[in-house]
Amino acid sequence: MLILWTIPLFLLGAAQGKEVCYDNLGCFSDAEPWAGTAIRPLKLLPWSPEKINTRFLLYTNENPTAFQTLQLSDPSTIEASNFQVARKTRFIIHGFIDKGEENWVVDMCKNMFQVEEVNCICVDWKRGSQTTYTQAANNVRVVGAQVAQMIDILVRNFNYSASKVHLIGHSLGAHVAGEAGSRTPGLGRITGLDPVEANFEGTPEEVRLDPSDADFVDVIHTDAAPLIPFLGFGTNQMVGHFDFFPNGGQYMPGCKKNALSQIVDIDGIWSGTRDFVACNHLRSYKYYLESILNPDGFAAYPCASYRDFESNKCFPCPDQGCPQMGHYADKFANNTSVEPQKFFLNTGEAKNFARWRYRVSLTFSGRTVTGQVKVSLFGSNGNTRQCDIFRGIIKPGATHSNEFDAKLDVGTIEKVKFLWNNHVVNPSFPKVGAAKITVQKGEERTEHNFCSEETVREDILLTLLPCKTSDTM
């Protein structure tokens, strides 16, 4: 069904209305920049709060599986709930065609409960999101105003600080968060999970998510290819203090499975269909979900472009360190600047998405031959696979380096294993070795050196141990 809905709903809409006002929310017009522009040509007004029927579903550490409904019209529902003023409050706001009781929304709360005590409020506006895309994009304004109203009730009635509020919005939900933030002075943080492009990219700041909407705005871009012709749903525009572009921000690894295997997904037909239609777009919240339980597995590197990142021009982290994409990005919030900052990293194809980046530099010994070289790292937490370091003419004394992303943080590196081959019959049986291999983890400035005086024939592993002091001189 989602396949049949998605594209037509992006295109449908109707022209009507000029201005409408709602109690406690203010007035909404169809004047520029909200409508009648090249980006927003259709003149639509947002639906009424009654028609959208936004619900605020509270989960806490005390009720992690059954929500309590908080009502804007009755603050006593907050007082009677498990909401605790001493805790941070994180709102999770879904996007187009989604709903507040979707598995990923509830799972995000559950992951949080494993690492913190928190008020987790799922914002359900499915009646306003399950319509034509253009109408849903306009309904964002009312839903954002309602989220701001809920925060205002917390501030006024419960002496709660807006600085303790974190809004997490996916797709259209990211712009809901932006609207709420623009109405809430001192809002602590907004996380935009692949903010949607259509009707928002290139608009003035009051229409979309932007850095002024909270003290700290971080954004994860996973579907930033142009909507036409590539059907990329997310925006490529930098709209936060920190904008993260995992895997380049456009095409996520693991999203190119064939249609049947993608639709008949292990999580069921519905989840599989969603992934087939919008796999890249959905990866943003999947990365965030996993980041909650992996506080150091999504280190992101400041870099001018993904091409530079893949060309090994952005390693290691600068002196001030690298932020972690996702839940813990705000630990780096003191390093925000006036200009938006762009960060890159790679992820895995599927769970587990977390990766740890290493650079390996090796100096050859032995004969001059043509071949390819791989190394694997062994540490206190485990070992990596064999990773490609060099392919070409292997010359003794020459040094080559490469970077790779490991599925685990190996911990304290204890040894390195070297392997070479060329699969060419050579009656002289040449031997090649690595006199020294230097390993550096991306988040660290320290280099670790491993040495060997041996050489080996192809396809035979050579183990290098930490260099003696005299070996590194």
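Yeah, the Cβs are placed from backbone N, Cα and C, and that goes for glycine too.
Database features, via Swiss-Prot:
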type     : residues               : note
ACT_SITE : S171                   : active site, nucleophile
ACT_SITE : D194                   : active site, charge relay system
ACT_SITE : H281                   : active site, charge relay system
BINDING  : E205, R208, D210, D213 : Ca(2+) binding site
DISULFID : C21-C27                : disulfide bond
DISULFID : C109-C120              : disulfide bond
DISULFID : C255-C279              : disulfide bond
DISULFID : C303-C314              : disulfide bond
DISULFID : C317-C322              : disulfide bond
DISULFID : C451-C467              : disulfide bond
DOMAIN   : 356-467                : domain 'PLAT'
SIGNAL   : 1-17                   : signal peptide
Fewest neighbouring Cβ atoms within 10 Å: which of the disulfide-bonded residues C21, C322, C451? C21
Per DSSP (three-state), C314 (disulfide bond) is coil
Looking only at the disulfide-bonded residues C27, C120, C317, C451, R208 (Ca(2+) binding site) has its closest CA neighbour at C27
I need the nearest neighbour of C27 (disulfide bond) among the recorded positions S171, D194, E205, H281, using C-alpha distances. E205
Looking at the recorded positions C21, D210, C314, C317, C451, which has the shortest Cα distance to D194 (active site, charge relay system)? D210
D213 (Ca(2+) binding site) versus recorded positions C120, H281, C451 - nearest by Cα: C120
Residues in the domain 'PLAT' (356-467) grouped by DSSP into helix, strand and remaining coil: 0 helix, 70 strand, 42 coil
By the 10 Å Cβ-neighbour count, the most surrounded of the disulfide-bonded residues C120, C279, C303, C317, C467 is C120
May I ask which of the recorded positions S171, E205, D210, H281 is closest to C120 (disulfide bond) if we compare their C-alpha atoms? S171
Around the Ca(2+) site formed by E205, R208, D210, D213, list the extra residues of the same chain whose Cβ is within 8 Å of the site's Cβ centroid. G178, S182, E206, V207, L209, P211, S212, V239
